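Colleague: Okay, here's the structure, questions in a sec.
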Amino acid sequence: MSNAVLLCVAAKYPEVKKLMGHDWRVAAQVVITVCIQIIIAILIQDVSWKFLWLATYVISGTLNHSLSISFHEIGHNLAFGNHQPMANRVLGYIANLPLMIPSSVTFKKYHIDHHKFQGDDNLDPDLPTYFEAWLFQSRIGKIFYILLQPVLYSVRPLCRVPKPVNLLEFINLLIQIVFDLLIFYFLGIKSVVYLLFGTVLGLGLHPISGHFISEHYIFVEGYETYSYYGPLNWLTFNVGYHNEHHDFPNIPGYRLPKLKEMAPDYYDNRPCHYSWVKVLIDFVLDSKMGPKARIRRTLKSDALNSADRTTNSTKSKLNKILHEADNNNNNTFTSIAQHTTTSLTKNHKLPHKKKNDYQQKMISSTVDVDHSKTH
């Protein structure tokens with residue numbers, strides 16, 4: 001949805017502004033979930049391995065996936081607000097503990113780029129690489145693609161838009177190592193397995209993992225983003241309300257259902273999902289689906305590359321917009337960013353980016369998009 005339409009929503013429904021801000025329930029849910037995981041890790045030390053693996057998949061997989069999604073809320077500073085960035089950061093460290101793998105800081109660093117550059121073939125860290133699209137084309141391949149989501153989501157940003165490690169990531173790593181060693185020393189290997197493989201299995205072939213696929217893969221021609229309105233939203237901070245979130249990233253997940261109710265003419269007529277399990281099944285069985293089924297564009301990255309043909313002042317302004325500091329809570333595209341990019345594309349001939357034959361084939365295999373229906 002364009003900024004112009006967002007302004008129309010705000011003008012038509014001025015009460016939408018009351019939904020913006022932060023929500024203390026994010027922190028409450030995170031702390032309660034972390035406590036549950038630690039308590040279960042203590043209780044599970046002496047159970048049989050058979051029961052351990054069952055509990056790891058069903059309980060730890062669900063709760064750890066929920067905690068990983070809390071990074072999404074925390075990354076937008078929706079737990080304590082923009083005025084308390086350190087409180088949001090500390091909550092991210094706490095949410096990260098049961099996952100056993102440091103990731104909360106890195107997630108925010110790259111997720112903000114996903115909002116700024118959604119669908120850009122060079123700048124969106126969420127887009128599958130061309131190697132993924134080639135490797136996981138078959139039904140068996142797509143099953144492995146789902147299984148490997150934890151690995152792919154960790155490695156993909158480093159391949160697409162690598163960024164240097166910062167101090168906050170080092171602190172995240174240090175805290176996580178200390179926690180992991182304490183769990184192993186005091187509770188033993190079974191507790192480590194319960195927590196660590198809860199992350200690996202929970203973010204892999206698990207019902208909640210349907211959100212990885214449901215959000216931006218092309219299920220209906222001409223639509224880029226889809227919402228999910230099923231019961232698992234209760235466990236996942238309403239991450240399923242994805243159209244609503246991309247339109248208003250500064251509204252906490254708890255309030256997104258109110259946004260949908262408030263503006264039914266904008267959200268009730270869009271394609272959506274009601275089952276993440278069905279999403280996974282359709283993704284595997286439908287020959288048109290796969291890692292390649294994503295909309296790709298290069299408008300913003302081309303504009304950035306063409307900035308060397310502009311005046312220094314315009315180039316400086318564009319670079320500032322496109323590469324602002326990671327700690328800024330860039331919740332929405334600013335009108336100046338859109339205006340500057342549009343001006344560049346109108347007034348300067350964008351460089352033609354050569355792609356190899358396979359890349360060109362993959363791009364041409366995606367549908368032609370009516371951008372008025374996408375974000």
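Placed from the backbone N, Cα and C atoms, the Cβ positions cover glycine too.
Heads up, TrEMBL stuff is auto-annotated, nobody curated it.
Pulled from TrEMBL, these are the listed features:
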type	residues	note
COMPBIAS	346-355	compositional bias 'Basic residues'
DOMAIN	49-274	domain 'Fatty acid desaturase'
REGION	342-375	region 'Disordered'
TRANSMEM	26-44	transmembrane segment
TRANSMEM	51-71	transmembrane segment
Colleague: Do any residues, 6 or more residues outside the transmembrane segment (26-44), come within under 8 Å Cβ-to-Cβ of it, and if so which ones?
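Modeller: Sequence-distant neighbours of the transmembrane segment (26-44): 52, 55, 59-60, 63-64, 66-67, 70, 73-74, 78-80, 91, 94-95, 97-98, 183, 187, 190-191, 194-195, 198, 237, 252-254.
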Colleague: On the 0 to 100 pLDDT scale, where does the domain 'Fatty acid desaturase' (49-274) sit on average?
Modeller: 95
